[in-house]
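*Asks:* Sharing a structure here in structure tokens format.
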Amino acid sequence: MQNQIVDQVIILCFIMLIGLYSRRKSFIKEETLKSLTDLLVNVTLPCLILASFNTEYSKETIEKIRAILIYSLAIHVFLAAISGVFYFKFKENIKQVLKFVTIFSNFGFMGYPIMEGMYGKIGVFYASIFGVPFNVILLTYGAILFSKEEKDNFNFKNILLQPGILFVLIGLIVFFGKITLPYTIIGTLNYVGGMTTPLSMIIIGANFANVSIKEIVKDLRIYYVSFIKLFIVPFMVYGVLKILKADDYLIKMCVILEAMPAAAMTTVFAEKYNNNKVFSAKCVVVTTILSIFTIPIVINALF
């Protein structure tokens, strides 16, 4: 298991470097980067998710779906409740960003690729289920952390219409309805969904091109939140799941997903609400770089 994780992380790292090189050489321009991100979020990732639901219907699978939904909800409510303890000395505006980084992982850009590389389509399937509570909490509590006004503008319909959530719901209909999709549809979903891993890592690498290393090195707050996010959180999640008596298979999946770096949505929300944009970007960059080394260490220590 450990060697498989290390190999998968190294592969993703190499693809990130290709993205960095492509951006530095202007093969990928700023406007192109935004378009690639839209393509990933709205097309390739939903196809990957839907393709993963083409799996065998069984009692064991149903039980795992129920368990993962409960575990994901418990994990994120727990992290939301406890995250403030680590940052009580920080200014309120910075504290909100740090709490967001701690609670929400880079689920779409790195979580799915890691799961697919380690477990295949079934890994993406279970990760998609894990993502339902994650996305609901992200788009509600996560948005409120950056802007208190969002509390009054909550719209459940907007959450359901998010591509990731929508295609999970469609996938659940296919799965529970025991609907057999035609080979041509499955083939199309597999081909397009297969673009998700390389595309996501190229995008992450390309985003590093404009980062100032000097500015990052000077900000010790980023290293503190990175330690909490990449080391403390996975160990706490492991403890919570042990208390809930989860089976080892699901514990590994959940811990790996929570060992991911800060969510890409950190910078998206910071940009949207004009709240600590530079600091948010630094957190995403540093946790992503460090996660290349910390993910194998954490998994090796726990499993």
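The backbone N, Cα and C atoms fix where each Cβ goes, and this holds for glycine too.
Since we're looking at a predicted model, the values are computed, not measured.
Copying in the features that TrEMBL gives for the protein in this structure:
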- 6-23: transmembrane segment (TRANSMEM)
- 35-53: transmembrane segment (TRANSMEM)
- 65-88: transmembrane segment (TRANSMEM)
- 100-119: transmembrane segment (TRANSMEM)
- 125-147: transmembrane segment (TRANSMEM)
- 159-179: transmembrane segment (TRANSMEM)
- 191-210: transmembrane segment (TRANSMEM)
- 222-244: transmembrane segment (TRANSMEM)
- 250-271: transmembrane segment (TRANSMEM)
- 283-302: transmembrane segment (TRANSMEM)
*Asks:* Count the CB pairs under 8 A between the transmembrane segment (250-271) and each of 35-53, 100-119, 125-147, 159-179, then give me the winner.
*Replies:* 100-119
*Asks:* When each of 6-23, 100-119, 125-147 is checked against the transmembrane segment (222-244) for Cβ pairs under 8 Å, which one has the most?
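*Replies:* Comparing 6-23, 100-119, 125-147: 100-119 has the most Cβ pairs near the transmembrane segment (222-244).
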*Asks:* How about the transmembrane segment (191-210) and the transmembrane segment (6-23): at least 3 CB pairs under 8 Å, pairs 6 or more apart in sequence, or not?
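*Replies:* Yes, the transmembrane segment (191-210) and the transmembrane segment (6-23) are in contact.
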*Asks:* Cβ pairs under 8 Å only, please: of the recorded stretches 6-23, 65-88, 159-179, 283-302, which one is richest in them relative to the transmembrane segment (125-147)?
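*Replies:* Between the candidates 6-23, 65-88, 159-179, 283-302, the best contact partner of the transmembrane segment (125-147) is 65-88.
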*Asks:* Are there residues at least 6 beyond the ends of the transmembrane segment (65-88) whose Cβ is under 8 Å from a Cβ of it, and what are they?
*Replies:* 94-95, 98-99, 102-104, 126, 129-134, 137, 141, 225, 228, 232-233, 236-237, 240-241, 244, 246-247, 250, 253-254, 258
*Asks:* Do any residues of this chain, six or more beyond the ends of the transmembrane segment (6-23), have a C-beta under 8 angstroms from a C-beta of it, and if so which?
*Replies:* 33, 110, 113-114, 117-118, 197-198, 201-209, 291-292, 295-296
